[in-house]
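Student: Got a structure for you, written out below as structure tokens; questions coming shortly.
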């Protein structure tokens, strides 16, 4: 409020004209029920505390009265079961597992040694077989080398015989050629003599 209107209000005078004052009073009388209705609507729509409190009371009643100590008993039995498992069953399982694993490890070691021995025997047998095969092949190669050498000597002898025969044939051909040349020379000499006779006449 401004300072003048506050002074008028202190004196009891209304700062509003007379008609306006009456409208405000009528409006204020009508506004009270509307404000009351708006407040109720607001509390019903937006204030959830009564509903939540009712749900909480129902939950507590369900949990405490109807179920009783059933959950507590279940949790207690779970606790006992876990304790028994940790202190009795797990050590027994560990012991059995340790014994079984030791036995399995020993069996695996024995099997590994047997396999190793078998591999060594197989390797030795392969080496012996390889040696025998190499020996046999070397013998075969030696025999084949002997055969090849004999064949080579035979071919060399045949080749030398062939060359000798060719040289003999060549000598014969050369001799025949020489004789033929001599005959031709004699023939030409005779022809020249005859021709000289006919030319001189």
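From the backbone N, Cα and C atoms, a Cβ is placed for every residue, glycine too.
Quick caveat, the model's predicted, so the values are computed rather than measured.
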Student: If TrEMBL is the reference, give me the range from 101-128, 129-156 marked as coiled coil.
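Tutor: The listed stretch tagged coiled coil in TrEMBL is 101-128.
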Student: What average pLDDT does the predicted model assign to the coiled coil (101-128)?
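Tutor: Averaged over the coiled coil (101-128), per-residue pLDDT gives 87.
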